[in-house]
Amino acid sequence: MAFLFSRRGPKDYPIAECATLTTAKPDTPASGASVPPQDGVPAYDYVIIGAGTAGSVLANRLSQDGSKQVLVLERGTYMSDTLAKIPLLSAARSLQDFYTTTIKSEPQPGFEGRTSAVQIGRMVGGSSAINATIYSRGAHCEYDAWDCEGWRGEDLDKYFVKSEKLHTESDQTPPLPSRGTSGPWQTRITKPCFGFNEPFLTACNDTGITRTHDPHAYEGNIGPMATASYSIQTAQTPDGARHHAGFAYLPEDVLRDRSNLKAGKLVVEGVWVVQKGKVYFARAKHVIVSSGAIFSPCILQRSGLGPAPLLKSLSIPVLADLPGVGSNLTDHFLVPLHFSGPSQDSAYHMLRGVWALPTLIRNALTYWRTGRGLFSTAFTVESMSFFSTQDVEILPVQSGASSPDRIRVRCKDAREHVPDIEISVSGIWADQNMPQYYGLGKRGVICFLVWLVKPRSEGTVEIKSTKEADFPRVDPRYMQVEADTHALRTAVRVGLSIAAHMRNALGYDIGPACVPGWAPMEGGWDAECGPTLQRSKEDANLSAEFDFVDPVKIPDATVDSFIHSHAIPAQHMASTCRMGPAATGAVLDPATLEVYGNKSLSVCDGSIFPRVLSVHPSAAIVAVAEKHADDLIRST
């Protein structure tokens, strides 16, 4: 295995800048720059373009056979410093250009004309090195709906098990056969440190979203749960260190000891690589593009594989007219609902005010001693729930006055009804204006992140020039299908109902801060939202100032306006190089993941998903890469 990098990283591993494929002889790269043939062109069995979540898996598995020569090409560096292992601090690197490539999207009408930041991890391990560390598989029925032979949920089970090493504690249920215990990727089920988690999960369960300890556990081939609420499982070691795909599959000893594994940048007789302004060519028997849902289609388009009109407009020779390359871009997106709550249940005061430094020190010591606490959380998310808006039911008002708990989730089959909504809860704000919201005072911030995880809107990724360094045009087209807004409107009301139940029925001191219908500067609900709800029992510790109204009575227009003005992307892009039958416009043959009409050129990352999954995608991407590596090994 070999690595070729474009600049030196902290661990002195070199890094590549860009790659272009070629099906021609190695005399000129597809971009047109004239490069004379080179003597002794290196030859590899596999060239992998990208050492991200999927690429790290492929590099490890394909280089286990010492007779196979593997080259991995990566734009970023290898980060193994202390900060890279602390979930909270490594997640903050998503805001830094050295670790993340950020592309500004086209203006989004669904976001009131705002552009959105498209963030891509720029290091070994890719986005799994800076994400929320959440491990979630998805129900069998989601994979079955892909309708691709060999890719059913039951087919992928063994790869989830193969990749995973789940750690459980003495007071937790031992793993079932459906869980992996000896794989390279370490995970654990968290013990929440914030006080809002227990009332949140109880309220979800009372609403009808069944609470479970482990949604991924199952017997036989029934499959994981789809609709459920639970404390999250994270990609972490037992001591609370982040364990991303790079750490799991490309640890330093693998990079050091496998002489057949190298890292670099290439084009499908081979790959052209740019390093420090020089162009190199490497010959390959098989090239795997593994650069993610944004950059994988760009590499194909720039190499002459993509929509013919786009390629011709840039004077790129059309090697294969594939309209699906760069189409069908799908991303989760979310609406944050901000609430005020007990200061001890929030990270708000760790970042602002006189108590910031003492709070930081106390949490740092807790993490150092136990591997738990605030620093063990990425974005402070510790619990979540999934449900389908098709299962949401509005009960009639009881006896005239506004009645709490009118919203119910009537899930018919928790393993078969695919959710379109996730609600996760965090102890920090997801809006730069949050500290200005009315009524916080000494109170903390609690945020419900309401995700649309089955969007119907689809966008595009298109290169703008033949220059590899130029970012593509990314247009996610969020909320261009009315059904997306309708689903989020229902989900926001469910979120408000859960918060109201936490306050009214469970006595938890949560109140509105920035939610639809709440006038933050005036400190009250809009008159059109109706009277506040009656509590199940009066509590002198709960101020009437922060009581909730009936979410059903908040006007649709008010909820919709809030959604469009506050929605933000989730960075779960997928489906830009879909696998499926060629007749459907798919790009890849499901049997091999090879690009139609281009033997020995495959794609393996989240871009291959025929449809975006309703869960956080890292675990599925790892399983897909495990399967592709297994298929390649068995085919040789």
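A Cβ is built for glycine as well, from the same backbone N, Cα and C atoms used for every other residue.
TrEMBL labels come from automatic prediction, so no person has curated them.
TrEMBL has this to say about the protein:
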| type | residues | note |
| --- | --- | --- |
| ACT_SITE | His572 | active site, proton donor |
| ACT_SITE | His616 | active site, proton acceptor |
| BINDING | Gly606 | FAD binding site |
| DOMAIN | 121-144 | domain 'Glucose-methanol-choline oxidoreductase N-terminal' |
| DOMAIN | 292-306 | domain 'Glucose-methanol-choline oxidoreductase N-terminal' |
Number of other Cβ atoms within 10 Å of the Cβ of His572 (active site, proton donor) across all protein chains: 23
Mean predicted confidence [pLDDT] for the domain 'Glucose-methanol-choline oxidoreductase N-terminal' (121-144): 90
For His616 (active site, proton acceptor): intrachain residues, at least 6 apart, with Cβ closer than 8 Å: Asn131, Ala132, Ile134, Tyr135, Ser136, His572
For His616 (active site, proton acceptor), the three-state class that DSSP assigns: coil
Which same-chain residues, if any, lie at least 6 apart from the residue listed as 'FAD binding site' yet have Cβ under 8 Å of it: Thr53, Ala54, Gly292, Ala293, His572, Met573, Ala574, Ser575, Pro617, Ala620, Ile621
